[in-house]
Each structure stands twice: as structure tokens, then as C-alpha cells.
Amino acid sequence: MKNIEKSEIIISLVDVDKEFGDKKVLDQINLDIKRGDFVTLLGPSGSGKTTILRLIGGFEWTTRGEIKFNGIDIKDVPAHKRDTATIFQDYALFPHLSVRGNIEFGLKLKRIKKKAEEIPDVVWKKFEHLKKKWQDKQKRKIKELKILQAHLEKLLENPQLDIKKRKKLQDKLDDSDFRYSNWENYLTSKSESFKKKYLTRRITKQEINKEITDIIDLVGLTGNENRAISELSGGMKQRVALARSLVIEPEIVLLDEPLSALDTKIRQKMQVFLKKIQQKLGLTFIFVTHDQDEALQLSDKIAIIRNGKIAQYDEPKQIYDYPVNKWVANFIGDSNFFQAKYIKKNQVEILGLKLYTIHDEFIPGQKLDCLIRPEDIDIDLNSGYFKGKVIQNIYKGSYYSLDIKVENTIINVETNDFYDLETQVFIKWDDDAIHLMEMENAEI
């Protein structure tokens, strides 16, 4: 496993907007992803999560904003020049090639560094000379663009501008931002082109064979090298797609709902496998899904996307236990919500009963949403906070899901014990099971 410094930001999206015609699909996206993290973009269909992935991969252009890779804006860099590999939902494997042929495809273009003794001194001198010229040109062009952008921003401050003129100026500013990104990457692009031509060589057949053998062993495909893609199961196709992406040694692997077509058992196995591979190699994985359980199991961090905005970005446990609002809580898991009133420090009123809470950040008298997860509620036949009766009992395999009616409120509870319908029970919970948040009227 690589020694990864996780405090380092590898990808940063800054004030990113994306518009398709008159429709804005992403609105002020700000997202920092640390090197070596497994980050999931989670949201309902049409929320914008796949668009974010495509922007990072270079398959779509931003309307405005920055996509920084190791601190440099790369929004104008084409997909094939980004240090990423993408695994698509349909795998995008070549049906006419074998397992080996699919994996080998990217390696044919791979180049590796020449040994220092293989490079004449004159080449290094030429590189240093050209590098100075490229740096000077880069500085000059960036300075010109900064002056232009300052001028355009000043003009846009005028409140008297009509809509047509404002749009024209904004378009010029957006265009200059793309050109700025291009010149930010100018030195790197020129240097990489020079290095590719003079300081690297093509990978040999022997080296290709070794890399293919190593990656096939890593993803568990040994013995299947010569099989046709049409002969493989969904899980094996997924392993081929993963091997093809990993063998080119990208810094970031982008995964667009790659497990959605698999049946439940294979999908669960592939979830474990993906996480194991990611941790072993220390790569950055950015994963798109609409499956909440999948996101919670796989991720170091989750970005929940709603209507083109990031609703919450945090570690899975933080999002599950401390959602920022009612919508996030409902989306990430089963929920019981109550209207609550904050009485004073560490005291809240729920269903007419004053209870202790660990929360101390609200104002006395403030009306709040109160979340209590079904698995955090305990059932007792003798005593508790509230008395109710069981009106629904569903067996879920490892637990029972009960609906308990307390006066006019239905409360969902998960329990290992069976209770007959109409059974009178009491319910209670620990102090830290109460999660308070500011009220939000929107429903999922």
C-alpha cells in the first residue's frame, strides 16, 4: 500500500456552475477531495452527481468556476490529458478483444522514464532553455488576462447594465477564465510534451507482460486472460474494467455507478473488493451512486447532492448521525421526525414531554426538527417515555420493523424481538439518540 498523505487536497472544485442551455444543473459547487480518499457523490436521479464526475474527468466543461488538480485549474484540459481513469456504468469494454486485450489496450500508449545515463546533456540544457521561455510567456499572458478580468468585473459592477449587455460581458469574463486556466497549464503542458518526446520511451513487450500479469493477479482474474468478454459474468466484467483503469496508474479513479447492473450478492462482493483495492493501492476513488447503503459502506466521505447543490459533505457517520436538515436525514436512512421546542440548555420538549438532550447550541423557545433513528429506540413492556401500541410488524430478516402508534403519531422502531399486533408497549431512547436541527419545510 502506498504511503499517502491524506491531508493533501488532490481535487478541488471552486464555485463551479454548469448550465445546459437555460437550465442550471450545478450551482456553486465547492468540494475538496483529499488524496487517497474514497469519496462518494450520492443523490437522487437528476441531482447533478454524474455531471460533477464528468466535469472532473474532462467529459464536460464548466460554465464557470475552477476545477483544481494539485492546485492548478484544469477545466480546459481534455480528458485524455488528465491523470484520471473512468469506469462507466456499462463498463465500455471492447467486445472484440479478450480479457488480456482489453487490459493491454492502455499500456500500448504508456511511456516510462529513460535512465539518466541514456539522456545526453544537450537535451537537459535544451529543456532548461525552453522552460525559461515558456515560463516568461506564461507570466506575460496571465498578467494580460488578469488586467482584462479586472476590467470586465469593474464593468459588471454597474447596476445600470441591461440584461443583454450584462450577459455579453459575463460571457467574455467566462471565456477569459478558460483562457486563464489554459495559460496556468501552459508550462506543465509544454514540459510534459518535451519529456514525452525526449525523456521517456515506449514500454517494452516484456514490461507489458509483467504489468498485465500483476494487475490480473491483483483483481482476481488469473486463468481468464484469454476469455472473450461475452463469456464473462457481470462481476468479472467489472474486474476487467477495473484492471484496465488501474494498469495505466492514474492518480484518480472515477466510477459512474459501476455496480448498479449487478445482482445483490455479486454487488455486495464487489463493494468489499473495490474498497480493498482502493485501500491497498492508496488511490483516490470518486464514486457515483444513488444507493445510500453503498455510500455508507464504501466511503471515507460522502457529498450529498440535491438539485445541483451540495447539501452536506462529511464522513458517513457524521452525515447519518448529524444530518444538516430533514431532507438529508430522510435521504440517508429511515427516520422518525418530531416537532420539538428547545427549552433551555440540554433540555427539549418532544410530544409534550421535556427530555434531556446533549444539544446546547440552540436558543430557548426555538422550534426545531427532532430526528430519532428507528434503531435507536428501545421497547419496554413496563415503562418508558411514551406508551403506544404495535400497529404493524414486518420481518426484515435480521430484525423486525414495527410501527407503534403513540396518540396520533406513528413511530417506526427496529428491534430483534417479535411483538404481536395491538401489543401495548413503552418506548424510550438514550439521551444522545436525539438529533436536533433547524426546521426545513421541504420534503424528500
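Cβ atoms are placed via backbone N, Cα and C, with glycine included.
As given in Swiss-Prot:
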type    : residues                                               : note
DOMAIN  : 11-332                                                 : domain 'ABC transporter'
BINDING : GLY43, PRO44, SER45, GLY46, SER47, GLY48, LYS49, THR50 : ATP binding site
REGION  : 111-201                                                : region 'Insert'
Ordered by sequence, the long-range same-chain Cβ contacts of SER45 (ATP binding site) under 8 Å (at least 6 apart) are HIS290
Cβ proximity for LYS49 (ATP binding site), under 8 A, sequence spacing 6+, ordered by residue number, returns LEU41, LEU42, GLY43, VAL288, HIS290, ALA303, ILE305
Going by C-beta under 8 A and a gap of 6 or more residues, the same-chain neighbours of SER47 (ATP binding site) are ILE305, ARG306, ASN307, GLY308
By a three-class reduction of DSSP, SER47 (ATP binding site) is assigned coil
Its Cβ having more other Cβ atoms within 10 Å than any other among the binding-site residues GLY43, PRO44, GLY46, THR50, the winner is GLY43
Those same-chain residues, other than GLY43, PRO44, SER45, GLY46, SER47, GLY48, LYS49, THR50, found with Cβ within 8 Å of the centroid of the ATP-site Cβ atoms are HIS290, ILE305
If you count the other CB atoms within 10 A of the CB of GLY48 (ATP binding site), including all protein chains displayed, you should get 22
For the region 'Insert' (111-201), the DSSP residue counts stand at 75 helix, 5 strand, 11 coil
